[in-house]
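> Before I ask anything, let me first share the structure, which is written out below as structure tokens.
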Amino acid sequence: MTSQLTALINGRVLTDHGPRDGLAVLVRGERIEAITHANDARVAAAQAHDLQGRLLLPGFIDVQVNGGGGVLFNAEPTVEALATISVAHRKYGTTGFLPTLITDTAEVMQKALDAVDAAIEQGVPGVLGIHLEGPFLATARKGIHDASLFRLPDAADLAAITRNRRGVVMLTLAVEEVPLDTIRQLSEAGVRVVAGHTAANYNTTRAALDAGVCGFTHLYNAMTPLGSREPGVVGAALDDPHSWCGLIADGHHVHPVALRVAIAAKARGKSVLVTDAMPPVGSDNPEYVLNGQTIIARDGICQSDAGVLAGSALDMATGVRNLVNMVGLPLAEASRMASAYPAAWLGLDRTHGRLVAGQQADFAVVDEGLVVAETWVGGVRYAY
């Protein structure tokens with residue numbers, strides 16, 4: 001039986017060439033069937049959905065989501081928790097995400113890996129894989145992580161991480177702590193190996209890039225800075241044309257000027273908006289417990305009593321607004337940093353991240369203020 005054809009009409013569609021009026025998006029099942037003129041005969045024959053003049057963007061893809069809806073993935077590495085996190089972020093236009101586990105025990109890491117596999121199998125909307133942020137990190141750049149749990153990867157870790165899984169696996173590690181042969185092994189197994197929480201110098205980082213590191217976790221934060229005589233991790237990241245850089249655009253983790261410099265320095269398509277979101281996103285409760293510490297989100301900042309940043313209270317829609325209003329990016333480029341570019345980083349660009357025929361029908365419908373009114377995931381509409 002052929003599924004119903006739906007036509008999204010009366011909206012501005014963000015195409016590869018910018019926002020366009022007079023177009024309709026035809027959706028059948030979970031896929032985009034066509035982007036066509038509004039007077040196409042197929043539009044008249046389809047079930048119409050009126051966008052009421054709003055802007056239709058590709059759904060947002062967030063590669064770093066620690067929690068949401070009052071839930072921290074580390075504390076609850078379960079399918080039920082992932083469903084709650086999915087609902088919380090979906091109201092802000094996120095249609096795909098990597099649940100992110102920060103440094104924890106091997107037991108919790110295994111539970112998290114299994115929960116993500118099960119969530120994908122059960123069809124929890126938006127779960128694309130997992131991001132393991134640790135535990136193979138550097139004490140000197142630990143941030144809010146529990147350094148007592150840092151370790152080198154052993155055979156059991158490598159087997160768990162590289163096992164054939166249902167989704168993408170991203171692994172943040174300190175490149176000076178993990179042997180190049182291990183980085184190469186992980187990369188060749190399909191793991192997206194990224195540098196973060198690292199005190200490496202430029203040469204060590206460059207060697208890790210050559211061994212298979214494909215990106216950098218929350219650029220500028222928890223890594224050696226760019227200096228005139230020692231370029232550090234930041235210098236290696238900005239200099240390399242092939243790697244991606246995650247950027248937290250909340251105005252607290254990175255100054256807007258530093259964001260603008262990074263985006264200008266990186267090759268086009270290699271700067272990616274991330275949230276590093278914590279449980280307060282999509283929740284009325286500003287408090288959560290991380291590594292035994294009570295963290296309170298105040299004025300959009302999540303930090304410990306000692307002033308250490310502990311993730312963010314950022315959602316993707318706010319991040320896109322910040323890229324436009326604080327950084328000065330055109331909306332089309334800000335949108336790509338939240339959709340097409342992360343899809344490419346994850347190797348999902350054939351099916352996700354753009355408004356073109358054949359891609360998954362994942363949309364963020366926003367008003368003039370870039371506030372989300374509807375989110376579509378796999379052709380299913382959620383209104384807010």
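Using N, Cα and C of the backbone, Cβ positions are placed for all residues, glycine too.
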> Please identify which of H253, H255, H352 is recorded by TrEMBL as part of the substrate site containing I144, N221, A222, R229, L309, A310, G311.
H253
> Any idea which of the binding-site residues H197, H218, R229, H253 has the thinnest Cβ neighbourhood at 10 Å?
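Minimum Cβ neighbour count within 10 Å, taken over the binding-site residues H197, H218, R229, H253, occurs at R229.
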> An 8 Å radius from the center of the E133, H197, H218 Cβ atoms defines the neighbourhood of the Zn(2+) site; name the other residues of that chain inside it, in order.
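Here the nearby residues are Q64, I102, G134, L137, G143, H145, T172, G196, T217, N221, A222, D276.
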> State the Cα to Cα distance, in Å, between I144 (substrate binding site) and E133 (Zn(2+) binding site), rounded to an integer.
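Each residue's Cα considered, I144 (substrate binding site) and E133 (Zn(2+) binding site) end up 12 Å apart.
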> Under a criterion of Cβ-Cβ distance under 8 Å and sequence separation of at least 6, what residues of the same chain contact G311 (substrate binding site)?
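Residues satisfying the criterion: N66, G67, I144, D276, A277, M278, L290, I295, C302.
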> For L309 (substrate binding site), just give me the three-state DSSP call.
strand
> Taking all residues of the domain 'Amidohydrolase-related' (56-379) together, what is their mean pLDDT?
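Mean per-residue confidence for the domain 'Amidohydrolase-related' (56-379): 98 out of 100.
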> Which number gives the other C-beta atoms within 10 angstroms of the C-beta of D276 (active site, proton donor/acceptor), all protein chains shown included?
26
